């Protein structure tokens, strides 16, 4: 859009969300998707957080260099992972967290350069990280909590979020480009590109909500860095944009980290009660079983010297000992001969004593 001198990013973002709401409402009217209600409190919270994330992103880009803005985008990944672990109780294997570090290192090699820092820019970057990460986490959390599908969340929140951005956006854009949106010199090609951007926004936002509803926000962050690599590869293939050895090495490192994260994050991690249950299952504690005539293979107690004798013969001495009067049992070792009575009694389970 910069080719057509349209630099009003916050306002056009609001228009994109309004178009998303119209698209979802149209699908609901046509019976393609099913509508669902959402509590007002959660609707206002999500719309406000989403609008603030867009506004702070543009202000961060305005007050910081492109390099520091890229650093802020990279720092959103560890922030999201930390919040998901501490607040939502999610667990990531240590190798998966290490792979995230590899991805961030590779992307930093590719995208970060000319980093300059100033106090207002750092403040905007911190707010951008907090609001942007919170929006992504809430997108998945609210879908799971309220049992909503991605298009239902968009139906309830996109229009309100878009209206907030369209009201506040002109003032933010005035700070960013020193011009009001009404000063834009509209043209037919510019309007066509604006309409095309709205169509693409419906697809992009729909896929974003879908991914955040099915996967964690941390996984979404990794996918976002994969998009950066695809853009660079596409520019090289389609527009012959050069890729120097530094960028190539960073892209290779990031790609290896993404593959590693996908492998380790897909493996289940048992923690808390689940880990305790798994440990108990592995113990396989066996309770004493009653005696049967299975030749000693059913877990019963086998009398000394049984060998391969008849199963009935194995039970007769035990039953005889159990039914013997106390006077006979107390008559000493001679009743069974050579102390065998005490040996048999010690071998019996507690319920036969």
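Glycine is treated like the rest: Cβ placed from N, Cα and C.
Checking TrEMBL for transmembrane segment across the ranges 18-44, 45-71 points to 45-71. Checking the ranges 92-113, 246-267 against TrEMBL, the transmembrane segment annotation falls on 92-113. Range 219-239 is the one annotated as transmembrane segment, of 219-239, 282-302 (source: TrEMBL). When TrEMBL is compared with the stretches 159-181, 182-204, the one noted as transmembrane segment is 159-181. Highest Cβ contact count with the transmembrane segment (159-181) among the listed stretches 45-71, 92-113, 119-138, 219-239 falls to 45-71 (criterion: pairs under 8 Å). Among the listed stretches 45-71, 92-113, 219-239, the one sharing the most Cβ pairs under 8 Å with the transmembrane segment (119-138) is 45-71.
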